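Annotated in TrEMBL:
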BINDING   Pro84, Leu85, Ala86, Arg87, Gly88, Leu89, Gly90, Ser91, Ser92, Ser93, Thr94  ATP binding site
DOMAIN    61-136  domain 'GHMP kinase N-terminal'
DOMAIN    198-269  domain 'GHMP kinase C-terminal'
Amino acid sequence: MGKKMTVIKVPATSANLGPGFDSLGIALSMYLTLTVGSKCDEWVVEHDLGADIPTDEENMIIKTALGLAPNLEPHKVRVESKIPLARGLGSSSTAIVAGLALANHLGKLGIGKDELVQKATELEGHPDNVAPAILGDFVAATYVNGHVTSVKGNFPKLSFLAYIPDYELATSQSREALPEQLAFKDAVIAGSVGNALVASILTGNLAEIGPLMEADRYHEQARLKLVPHLEILRKLGHEVGALATYLSGAGPTVMVVIDQSKVADFIKEAQALGLTGRFEQLEVERQGLVVSE
Ligand SMILES: Nc1ncnc2c1ncn2[C@@H]1O[C@H](COP(=O)(O)OP(=O)(O)OP(=O)(O)O)[C@@H](O)[C@H]1O
Ligand SMILES: N[C@@H](CCO)C(=O)O
């Protein structure tokens with residue numbers, strides 16, 4: 001690869017935050033980086049993500065880039081990612097965002113972040129991962145009639161402990177577990193909980209954030225059979241004094257919002273309960289997508 005290399009950096013994300021199904025998300029301090037190398041005859045994607053992830057133009061990142069700018073000249077790129085695939089930490093969104101940013105850079109398209117959020121949402125289907133991946137921090141967003149509205153806000157300085165199980169759960173499979181319909185009165189409650197959560201986050205009302213994050217009425221109950229550790233970790237969180245526990249994105253990762261002083265106890269107790277996944281301490285990431293040249 002040449003000397004002057006462009007690096008595209010995209011953070012992981014945790015979507016829903018409990019009751020904000022398909023609309024709320026935060027960016028986290030875990031990253032995918034894509035380094036743009038030299039021109040080649042064919043696209044080459046170097047990575048350590050496993051044999052299932054293509055290394056040519058079939059790779060999701062390159063497909064996304066070519067979808068935006070079909071005439072891009074092939075390059076060699078190197079992808080490094082700490083974000084586990086299909087675990088509820090927004091890996092597909094990082095691939096989509098990296099692909100759009102790659103096309104924007106190589107094709108000199110000059111697309112700004114708001115337009116990137118619109119295009120990324122069209123590809124992902126909902127904005128709750130792609131919007132914070134691009135904008136950083138906390139984002140409340142809606143996608144109606146093909147148009148995205150996204151509002152970035154400041155998430156209070158809280159620490160996150162991700163419990164990442166040792167199995168994958170594709171978003172598509174996790175969405176199949178969702179009910180087709182919700183009764184009107186339940187939908188009203190579900191929406192009101194999400195609204196109150198947004199207000200609590202933006203006003204830094206820590207006393208309300210925890211209970212509201214655990215009061216989802218849209219998706220967690222329906223997904224319990226796919227993520228039975230959610231109930232175990234939530235109960236443990238109450239015992240240890242965590243602020244909140246919720247299903248990150250479509251799962252299976254469970255996010256525990258917890259003071260750092262309680263993390264060691266929490267992990268010890270969870271392991272004693274037989275939970276075999278790994279734990280990762282994360283912070284809110286404030287910048288979102290960064291392209292450095
Ligand atoms: N860096 C990458 N390069 C190529 N493909 C990727 C990459 N990251 C993710 N993918 C594709 O996206 C799939 C995972 O997407 P999926 O929506 O199921 O989960 P997720 O995005 O990790 O979780 P969630 O949306 O719940 O946060 C992977 O199985 C893979 O096909
Ligand atoms: N809101 C989405 C996030 C995962 O892409 C879901 O829960 O299915």
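Cβ coordinates come from backbone N, Cα and C, glycine included.
Keep in mind that TrEMBL annotations are predicted by a computer and have not been checked by a curator.
Overlay of TrEMBL annotations on the structure.
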| residue | record | Cβ contacts under 8 Å, 6 or more apart |
| --- | --- | --- |
| Pro84 | ATP binding site | Ser91, Ile164 |
| Ala86 | ATP binding site | Glu168, Leu169, Ala170, Thr171 |
| Gly88 | ATP binding site | Ser14, Ala15, Leu169, Leu247, Ser248, Gly249, Ala250, Gly251, Pro252, Thr253 |
| Gly90 | ATP binding site | Ala12, Thr13, Ser14, Ala15, Gly25, Ile83, Asn129, Val130, Ala133, Gly249 |
| Ser92 | ATP binding site | Met60, Glu124, Asn129, Thr171 |
| Thr94 | ATP binding site | Val10, Pro11, Ala12, Thr13, Tyr31, Leu32, Ser81, Ile83, Ala133 |
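Secondary structure counts, DSSP: the domain 'GHMP kinase C-terminal' (198-269) has 40 helix, 8 strand, 24 coil. Looking just at the domain 'GHMP kinase N-terminal' (61-136), the mean pLDDT is 98. Highlighted in sequence order, Ala12, Ile83, Gly249 have their Cβ within 8 Å of the centre of the Cβ atoms of Pro84, Leu85, Ala86, Arg87, Gly88, Leu89, Gly90, Ser91, Ser92, Ser93, Thr94, the residues recorded for ATP, and are not part of that set. Checked against ligand 1, the binding-site residues Pro84, Ala86, Gly88, Gly90 give Ala86, Gly88, Gly90 as the ones with a Cβ under 6 Å from it, listed in sequence order.
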